[in-house]
Amino acid sequence: MERSEQLIKEMLHKYQALKFLTWESWFQQRVTESRARELEILRILGYLTAFSMLNSICMPFLVGFSSIAVFVLVDDGNVLTPSQICTSLCFFRLLRPPLLELLGLFCVLKQAQQSLCHLEKIFLRKDLGTTQLVTTKEELPSDGFQQPCDRCKDKHSHSDEKSDHDLSQKGSGKARMLYLRAFGWHWLSVSLLVYLSVCAVSLAQDGILSVWTGEAKEVQGLEGWKELRNSRLSAYALLGLLQAFLVCCAAYCLTCASLRASHILHSKLLSDVLHMPMHSQKTDMRQLLQAFTQDMQVIDEELPKHLHSWLKSLLDILSTITLICFIMPVFSLAVCPLIILFLRLQSRFYSAHSHIRHMGANPVASLECVTQCVEDPLSGPKHREVCLTHCLQALNQNLLVKYNKINTESRAALRLDGIAGIVLFLVTLILLETEPDSGLVVLALICAFNIKKAVHRYPQAASDINMDMLSMQNLCEFAKVEKEAAWKKSYRPPKDWPQYGEVKFRNYESEASSNGTPALRGINLTILKGEKIGVVSRGKTDTDALVSSLFRSVEARSGAVLIDDINIARMGLLDLRSRLQIISQVPVLFSGPLRANLDPFAQHTDAQVWLALELCHLKELVRLLPAQLLHPVQRTSLAYSFGQRRLLCLARALLARVRILLVEEALPGVDLETEDLVRQLIHTEFKHCTVLWLTQNPLTVMHTDRVLVLNKGQAVNVDAPSTLLQQGPLFSQ
């Protein structure tokens, strides 16, 4: 089962090939299906979380209810007084944290056991030894292993450049509105209603205890006092069951709404990325991967939990303050100063928490990057020692960040305890002065005790949501990225277009692409149907510019390109690119079945696929595979040689049955026998097609009808290869 994260990485690394083949919809469907399976797992986890929340609500309630029921039912002389219920509930509140921690203790122990087993395997690995593979910095390979630690440093500096901007914002209002729209206004309304109901039922439970204890002694002398006692006990139990049901409903609503938001946001992000220009380098690859992995993980898993904690604590605080003000109106005079003090403390906590969270990202990123170097067997001992030093420094910094986080949270908890203590002190002081009904005293004290937990949770949850909104802000940025031309337009070329494959450049001048490819300037050229044209340039940039112009990855500044007398700018990109084929210099295969790499949309029969493989001399190779056409291709494609991959790309072009084919020269590592086979197959199977051979070596296009010489984006000459070879040094060089 493929993970969407792995598919996204493959899509980004093979983006150009995906665009040339117009397989965006196929790959998008694969990612969507993989994403649907992941969301289903998240849905199950959400239901399990609801069950966990149910335990956290029911266990303390069952302890309190059973204690009260046993006390009043075991002896008719036991009367539930305000002092008893107030003391009991205070002890029950103190017992709630250890009871809840006991539920998660077994999971923590299991995770610790798995971590220890993993560490044991690492510690028992065989030592790599001290064989000196790389001795000096100059002997390091130039591309694969050059200074990974410096890349980590660059990553950190890049992150630091954004830090001031990120830390000064809490996620823009646009990002919040985007998430709420994806969340769904109907789900938002239902969720708020359910959470309000949970809060109201909780207050109703405390209200029943208040009325019960306030009238306990007066009711004791009545004839039907047992029935009244039992009815109140039953009402208290029913409210507990109702609260449990509403908690499940709240978790269900939040799970469904958050998964809906995750699906919509991921689909929109995937669509935005697939509509980006082919050569767009404005968006860093690392930022794209971060958006699909880290940012989406925050939206999938972290944000729903933080929303639940924030909404629950906010409603608890508001309902508690409102009820206390209703019982003792004079307390409302202290509400405004307490709110100002609380918000000021929350602002300082958010600032410290955001800095610590940002500091914690760099060591983790460094550990991930450096570990790849340490585990690589091809890196030398000295180079490995440098990586280990960086790794230890990052680990030390990570521990310091964790220590600062614990210290900051402890300081904030101490100040929040002070605010909760002020509320309790003011409530007690007002009760002593006003001397209200004993039942109201119990209710006011219970509310004052309950506010402590909500006051502790709210700043943490609010800070987490503000940090999570930065991930939403990152997703919003991709919606602003420049998009390529429309995939489909109102004008659709005929189904059999192009019939002849005649290509005309009419005073064509293209824009320079964002990756620095020079523009074509003043190209006037007519390529006849079935003609074999060699395109020669001193550098690959000129041939890349020609390919970009034909596939419209770079739009025309002036002039036009006509294929069978139809301007390619009139049609959508899918209609254009699907009628062209290119055999790239680096052949690309995608993960999945071998057949899907040749015919992903199942437009051809198995017999046609086998025929294409037979023409490319790959039939016997595929027959020897365990699953034959359904044999899986790995992402690295290392099971196939470079030449075999190039032949598979040729088989892909044979199945496409196009009239225009572009062939880039192979890398020097390809064996001559395979390249001769490719050239022979193209001459025999594409003899009625227009073929453009793109190369920097003039000797490889001597078999063509004509040769186009490009230099700095201009057509220097077009003539037969033998004529050009005699005329000037530019072609021969």
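Note that Cβ sites are derived from N, Cα and C of the backbone, with glycine treated the same way.
No curator has checked TrEMBL annotations; they are predicted automatically.
Residues annotated as compositional bias 'Basic and acidic residues' in TrEMBL: 150-168.
According to TrEMBL, the feature domain 'ABC transmembrane type-1' maps to 190-355.
Taken from TrEMBL, the feature domain 'ABC transporter' applies to 503-732.
Feature annotation from TrEMBL assigns region 'Disordered' to 145-169.
If one looks beyond the transmembrane segment (44-74) by at least 6 residues along the same chain, the residues whose Cβ comes under 8 Å of a Cβ in the stretch are 80, 84-85, 88-89, 92, 95-96, 99-100, 103, 229, 233, 236-237, 240, 243-244, 247-248, 251-252, 254-255, 258-259, 304-305. The feature transmembrane segment is assigned by TrEMBL to 44-74 (among others).
Residues or ranges marked as transmembrane segment by TrEMBL: 187-212 (among others). Sequence-distant contacts of the transmembrane segment (187-212) (same chain, at least 6 residues past either end, Cβ-Cβ under 8 Å): 80, 85, 89, 180, 229, 232, 235-236, 239-240, 242-243, 246-247, 249-250, 253-254, 256-257, 260, 311-312, 315-316, 319, 323, 439-440, 442-443, 446-447.
Residues annotated as transmembrane segment in TrEMBL: 233-261 (among others).
Cβ atoms under 8 Å from those of the transmembrane segment (317-343) belong to residues 199-200, 203, 419, 422-423, 426-427, 430-431, 434, 436, 440, 443-444, 447-448, 450-451, 454-455, 458 of the same chain, restricted to positions at least 6 beyond its ends. Residues annotated as transmembrane segment in TrEMBL: 317-343 (among others).
Residues annotated as transmembrane segment in TrEMBL: 412-432 (among others).
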